[in-house]
């Protein structure tokens, strides 16, 4: 997940920090999206008018999409498969991938239409939502600003909750290493509190330029951790073929946990607009063989592979994060340490989203000493984030709440609404198929929202 913004929040800058100067001269137009007749009218072409200092090529964008989508959520995929079964796990992962990718796709598609209507060349997720209502049916226009604020607040809650999950993942992996060598000398909640100081120091890095190398270190350690994990799944131990009959399918009452975890892991709605805003050829994001479909297809295969093998290897004993199931051998210790370092290095970049949103909301009140106010704000925000993690030191339920509640609204329901509103005047297709299609998406999102959130909250309450 990466930065998403509202108005002045510089979402594309975060992505630009990953791009080296020698990557800027490669591009290939994969596909073009033909906008509606309404959108193509007039002389304004948002894509030729868009001026970028460091535009990204299609390959750059694909790389960033993979970086953003293959995050810590992948570590919970074996636990998700445990809730659905091996067969349903594969089927449901494909369904979630199709729905999530489609919603990201229609968000970009609607943005391309609204660029023409608003005479803008770039928009954030929140601005797309606001523009859709501003240019939609008359009764909805008064809600445009409220919808933008709702999206911004939802993004803040989503990323803030994600950072709490990161804190628990760091602590849980470090704790297992400490317990192996030193025994039960420290409590998990106390260890989370100890992490407060290093996390504050990470959050004090104010310039994204300095966070980019830290993110690269995170990618390196994550690759090491996942590589050794895959070796553990297929190169050591015994896959539980003798129990496979009981692992193929699970009772429908367990399915909501699968959907909430998988949506958390796979949802990319927060990254698509910053990525599209930085592209040299924005139309190439769309199309059957476009950047978005290519990237999410590869991500889906990796998620299925790790989820299937992880559950088949550890069965009902698989833990919230696959790294916690690997045992105590030296390679397993390396995995846990690598994942802990990777997640710690990613924390600052993820938390930057929350900081940016909060600072843009309060900076006008602190004009005398803005730098001091900024540091105090960052310290308080990290303290609250760590406090939540200490209060609820559970990975899977926290992921479930964020995936079911936040990403269901942001990633599924909101884009479906935006598409219907954007195409209301040009036309919603033969038989009003756009409406019926998006009703199905909203039903799917509501199912995940209600049942996934309920199950995740009940799981959290069991810890108290």
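In case you wondered, yes, glycine gets a Cβ from its N, Cα and C as well.
Note: TrEMBL annotation is automatic and uncurated.
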Point to revise | Of 296-314, 315-333, the range TrEMBL labels transmembrane segment | key: 296-314
Check your understanding: When TrEMBL marks a stretch as transmembrane segment, which of 122-140, 217-235 is it?
Key -> 217-235
**Study point:** Contact ranking winner - 217-235, 334-355, 375-392, 398-418, 439-461 against the transmembrane segment (296-314), Cβ under 8 Å
**Key:** 217-235
Exercise for review: Could you pull out which residues elsewhere in the chain have a CB under 8 Å from any CB of the transmembrane segment (398-418), counting only those six or more residues past its ends?
Suggested key: 73, 76, 99-100, 103-104, 106-107, 110, 125, 128-129, 132, 151, 154-155, 157-158, 161-162, 164-165, 168, 256-257, 259-265, 267-270, 320, 392, 438, 441-442, 444-446, 448-449, 451-453, 455-457, 459-460
Review point. Which one of these stretches, 149-169, 189-205, 255-275, 334-355, has the most C-beta pairs shorter than 8 Å to the transmembrane segment (439-461)?
Key: 255-275
Practice item. Compare 86-108, 189-205, 217-235 by their Cβ pairs under 8 Å to the transmembrane segment (255-275) and return the stretch that comes out on top. Key: 86-108
